[in-house]
Structures are given as C-alpha cells and as structure tokens.
Amino acid sequence: MKLLAATVLLLTICSLEGALVRRQAKEPCVDNLVSQYFQTVTDYGKDLMEKVKSPELQAEAKSYFEKSKEQLTPLIKKAGTELVNFLSYFMELGTQPATQ
C-alpha cells in the first residue's frame, strides 16, 4: 500500500513539475513567426517565378488557353443570344399592355 501511495505521489510531482516547466518556457515571438511566414512566401514566389520561366510550361499554358477559348467561344455566343432573346421577351411584355 505504501508503494502504491509513493508511486502516485511521485507521478503527481512529476506531472506538476512538467507543467511548471512548460509554463516557464518562452513563447515564440509573434514577430519571428510573421517574418518566417513572409520569408516562406517570398521563397515560394521566387521558386514559382523560376518554374514559370521555363518554355515548356509557357507552351503548355498557351495551348491550354487556346483550347479553352475554342471551347468557350460557342458557349458564350449561345448564352449572349439567349440573354438577348430573354430580355426582348420582357420588353415585348412591357409594350403589350400599352397597345391594348
């Protein structure tokens, strides 16, 4: 029984000592965190710019935009036509009661 009580007492003291050490530890400075964040963003931006400069990536992006333009142009024309028809329908509704 004494061994059990001594073990519980020892575990309690160790956990309290650990909590005290954690409380006394220095918290990371916010300025350092912000500067590290901006440094990381800057490094990422530099790496991205180096990757964008490659001719393969530029050619791939150009072909992607051309293909997208080919696919979207008919859809945009169709949507524009339907919008004009839709608005003209409401314009006709507005003029009908006045003529009756």
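From the backbone N, Cα and C atoms, a Cβ is placed for every residue, glycine too.
Taken from Swiss-Prot, the feature methionine sulfoxide covers Met49. Annotation comment: Swiss-Prot describes Ser54, Ser68 as phosphoserine. The signal peptide annotation in Swiss-Prot covers 1-18 and is backed by similarity to another entry.
In the three-state DSSP classification, Ser54 (phosphoserine) falls within coil. Distance from the CA of Ser68 (phosphoserine) to the CA of the residue listed as 'methionine sulfoxide' is 24 Å. The distance from the Cα of Ser54 (phosphoserine) to the Cα of Ser68 (phosphoserine) comes to 21 Å. Applying an 8 A CB threshold to same-chain residues 6 or more apart, the list for Ser68 (phosphoserine) is empty.
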